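Peer 1: I'd like to ask you about the structure that follows.
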Amino acid sequence: MDSQSSSFLQERKLHRLRCSVKSYDWGRRGNNSGVARLFALNSGSVIQPDEPYAEFWMGTHESGPSFVVPTAGETGLPGVSLKSWISDNRDVLGDKVLDEWGSDLPFLFKVLSVAKALSIQAHPHKELARALHKARPDMYKDDNHKPEMALAVTEFEALCGFISLEELKGVLLHVPEIVELVSSADVNQILHLNEQDGEEKVKSVLRSTFTQLMLASKEMITEVISKIKSRLHKESQVRQLTDKELLVLQLEKQYPADVGVISAFFFNHVKLNPGEALYLGANEPHAYLSGECVECMATSDNVVRAGLTPKYRDVETLCSMLTYKQGMPEILKGVPLNSYVMRYLPPFDEFEVDRCILPIGASTVFPAVPGPSIFMVMVGEGMMHARSSKGDVITEGDVLFAPANTQISITTSASELQLYRAGVNSKFFQTS
């Protein structure tokens, strides 16, 4: 066999990855965290019972890199990052991915374990990301956009996008304290708007009202939250509080005197069942609230925050960048590829996610695709075969990189297997 053929076979085999964890304060702690369990099994580390385990990162981003695990007979790999290894083995990405994104993975794959609300945030589009990175590289670590998708593993809750015009009118009528923070002219304008006034006019008034709220003084915010809290506690004695009111009280316990508590009234409260997904484009406000999910995004860590956080807040940037679209976001249920695999296709080129639940004694095939994939085993064990290699036993916590044009076969024997695959959006290859 010549060296070129040997190199080709080398590239087409599976490569195990050792991945990174993030201990943000909002993460579930110790053994209550799915992220903790995955990280401990992936890295061989011991779970610290009082430590928050928030995010498990799989990919090439420098803020949480993955590393290639050597197999028998390989030398020089310990400590080699996946990013460096891909740079030295560019063919593993496939020609179309190389042409579009260069010698790096275009997607970042994560698992999140959420105990309390993440910040109210949005991710910039590419042009704004470049400007923010240039102006504040200490805060905005890269110049890429960050569209993302969250696929619920457990019941999962989030705030996402602005409520409809009619719902907003209801908030201004039934949450009188908010009127203390915004101009009466804007309030009156919203109350008299209708759909015939046109989308841009509605957006303009919503932008003005929301910006006034987010820029209100700390003293005013503290006073208004205290009034809302007092009123809701009194009203709970005589009526059932709404889900949104209960959420606001919960957020106030997590982040006392934070403007994000009030702003929650402006956002859709989304509840996902396991197997449902939510995708978020650039400049869309959101905050994950609770539960566990698999998340995939373009390779970026750019976040503009404005509430429910002790971290740096860039309120003026956030308020100016938002789209101010109204209405509930689209919920993806997944498209079945076969009896065991569902595919989630967001409207972004960089990524898609497959969810595979394989019962005992079953098998399935992931056909070869023109781009790279990362597989992550969430539950159970089985056997994974690349076309040119003998099988790998895979168990919970295993993460494997599959080069472009590699067919993957998976079988189970003693237990059900639940795994997830991230890859480049298949629609990108159909149109490029």
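Each residue, glycine too, has its Cβ placed from N, Cα and C.
Here the structure is a predicted model, which means the values were calculated and not measured.
Sharing the feature lines straight out of TrEMBL:
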- R305: active site (ACT_SITE)
- Q121, H123, E148, H286: Zn(2+) binding site (BINDING)
- 14-162: domain 'Phosphomannose isomerase type I catalytic' (DOMAIN)
- 184-266: domain 'Phosphomannose isomerase type I helical insertion' (DOMAIN)
Peer 1: Going by C-alpha distance, which of the binding-site residues Q121, H123, E148, H286 is nearest to the residue listed as 'active site'?
Peer 2: Q121
Peer 1: Can you check which residues sit near E148 (Zn(2+) binding site), meaning Cβ under 8 Å from its Cβ, same chain, 6 or more apart in sequence, and list them in order?
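Peer 2: Long-range Cβ contacts: H123, Y279, L280, E295, C296, M297, A298.
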Peer 1: Return the residues near Q121 (Zn(2+) binding site), defined as same-chain residues 6+ apart in sequence whose C-beta is under 8 angstroms from its C-beta, sorted by sequence, else 'none'.
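Peer 2: Those within reach of Q121 (Zn(2+) binding site), by Cβ under 8 Å and sequence separation of 6 or more, are P285, H286, A287, V303, V304, R305, A306, T309, L318.
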Peer 1: Tally the residues of the domain 'Phosphomannose isomerase type I helical insertion' (184-266) by DSSP class, grouping H, G and I as helix, E and B as strand, and everything else as coil.
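Peer 2: DSSP classes over the domain 'Phosphomannose isomerase type I helical insertion' (184-266) add up to 66 helix, 0 strand, 17 coil.
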Peer 1: Starting from the Cβ centroid of Q121, H123, E148, H286, which together make up the recorded Zn(2+) site, report each further residue of the same chain whose Cβ lies within 8 Å of that point, ordered by sequence.
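Peer 2: Nearby residues not in the site list: A122, K146, L280, E284, P285, V303.
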